[in-house]
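Okay, structure first, notes after.
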């Protein structure tokens with residue numbers, strides 16, 4: 001008896017130690033490790049992608065349109081792999097290990113890319129001083145380049161879908177463990193996260209691009225490679241401090257089970273929602289922050305929660321391919337409702353893809369003198385996008401939210417969808433300005449007699465391009481943060497890495513669509529005055545910009561229609577022993593007594 005009491009005492013002591021350890025994990029103390037990882041990650045990625053058009057055209061001697069398509073294809077692949085990484089994290093690996101292994105592959109890709117720039121055998125020789133044609137990169141050299149980009153694409157599959165969700169987990173789950181009540185996502189974290197990202201981009205398009213243009217591509221890519229190594233070390237060193245949410249099993253399998261169960265019962269009449277199947281214990285592992293409540297949309301899937309003969313296994317547990325809880329049905333509904341909103345971001349990415357290709361080539365033709373001895377590198381024009389986004393994020397978080405909170409009564413000022421809509425509207429203005437400036441640039445080329453001198457510097461300041469870059473940065477401050485807030489809030493908690501991957505999936509599809517758009521425009525305008533030739537002075541790039549504006553107008557109308565019919569998910573969470581909070585994701589919270597409703 002004494003021995004048994006001793007074992008009980010030891011167990012209680014171990015539980016107490018575990019509880020104290022859990023309370024010490026998470027919170028803002030983990031932010032330096034997480035944000036340092038993402039800061040170095042972005043410094044590395046932006047450090048070579050922002051100026052990749054220059055590397056491909058001037059170092060690898062690849063034609064402009066082909067180089068532009070390589071960039072958009074790379075961006076498409078790098079933003080497609082997060083979908084796989086998000087599923088791996090949510091299914092079995094967890095966010096911490098997915099980020100760690102993704103960072104390793106990214107590091108490998110950066111090392112290969114640096115070697116391709118540093119070793120003479122892996123890139124073509126420089127052009128002769130007055131040579132009309134340069135030696136293009138060989139198939140072997142291009143293969144090494146593609147291998148490097150592939151490794152970095154695999155790496156982004158691990159880091160991009162998990163870092164934001166992992167950081168938000170440290171605040172939300174840590175707050176719940178400390179008894180902070182029904183912890184909701186800390187929206188200031190997303191502003192802080194994107195602020196750190198833009199700071200990294202700012203460093204990349206100034207310091208890193210300067211090294212690439214003035215020191216050499218070996219060091220220019222070596223610096224981001226070293227930064228990536230620092231990112232991995234910084235992140236792993238914080239292991240003991242993190243709250244690590246255990247994976248809840250494959251979300252795709254659960255979604256498939258709900259769909260299969262609903263299809264099998266497609267002829268069964270849907271009863272009153274209160275009669276649908278619920279099981280708190282079964283859902284405990286995938287609803288730690290609150291159970292999803294029934295919604296009236298997509299009622300077909302409610303059939304999966306109707307109890308019929310043969311739904312239970314001999315063990316007394318439900319057969320998941322025949323019977324699902326309301327929470328699991330609502331997981332599927334939530335994902336389906338999110339998809340149309342996500343799709344609105346595709347055209348947005350397509351419309352901004354030229355900022356890393358054509359806009360930089362425009363800058364190369366303009367007067368870039370800051371001092372008699374210093375020219376601003378063309379790719380460094382992206383600094384104005386980063387600066388505008390940094391300033392807008394700071395103004396929004398410190399000033400605008402407080403004003404809007406007083407006007408609307410919402411904790412975060414306006415809804416995530418309203419913030420996204422504002423960004424989409426501002427983005428159209430950016431491309432309209434770009435079209436006007438490009439028309440002005442080409443008229444200067446005509447007046448100066450430099451139409452057939454694509455490498456000549458036009459008597460026009462590069463700062464004419466500042467407005468289009470800056471307006472795009474303001475749009476991103478609304479759009480990117482709004483979309484990520486929306487996905488984190490509206491996705492089921494067990495699918496947040498997968499939902500974050502949807503954010504990057506829009507970048508992937510948008511990049512591929514950008515490739516398709518450029519290819520079609522280039523092919524269709526060959527016989528009637530080419531819009532996108534290597535010599536932009538002879539092109540009609542402004543027409544391309546106006547085409548993009550037209551696509552954005554149609555996309556904005558589509559977005560407003562989606563928002564009108566969108567239903568925010570209602571979540572039931574415990575706010576105390578006798579208090580229940582019903583959070584609908586729209587910034588509203590209702591309280592009632594009596595514990596969980598069945």
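Glycine too: its Cβ is placed from the backbone N, Cα and C atoms.
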According to TrEMBL, which stretch among 13-38, 39-64, 65-90, 143-168 corresponds to the feature transmembrane segment?
143-168
Of the ranges 376-396, 565-585, which one does TrEMBL list as transmembrane segment?
376-396
I need to check the long-range neighbours of the transmembrane segment (500-523): which residues 6 or more away from its ends have a CB within less than 8 Å of a CB in the stretch?
65, 68-69, 72-80, 82-87, 156, 160-162, 164-165, 338-339, 342-343, 345-350, 353-354, 483-484, 487-488, 530-532, 544, 547-548
Apart from its near flanks, which chain residues at least 6 from the ends of the transmembrane segment (338-356) lie with a Cβ under 8 angstroms of it?
49-50, 52-53, 71-72, 75, 382, 385, 417, 420, 424, 427, 430-431, 434, 469, 472, 479, 483, 486-487, 490-491, 499, 502-503, 505-507, 509-511, 513-514, 517, 544-545, 548-549, 551-552, 554-555, 558-559, 562-563, 566
Can you find at least 3 Cβ pairs under 8 Å between the transmembrane segment (457-479) and the transmembrane segment (217-242), where each pair is 6 or more residues apart in sequence?
no
For the transmembrane segment (376-396), could you work out the same-chain residues 6 or more beyond its ends whose Cβ comes under 8 Å from its Cβ atoms?
50-51, 53-54, 191, 194-195, 198-199, 201-202, 205-206, 209-210, 212-214, 355-356, 359-361, 363-364, 368, 370, 462, 465-466, 469-474, 476-478, 481
Using Cβ distances below 8 Å and needing 3 or more such pairs, separated by at least 6 in sequence, tell me whether the transmembrane segment (217-242) contacts the transmembrane segment (104-123).
yes
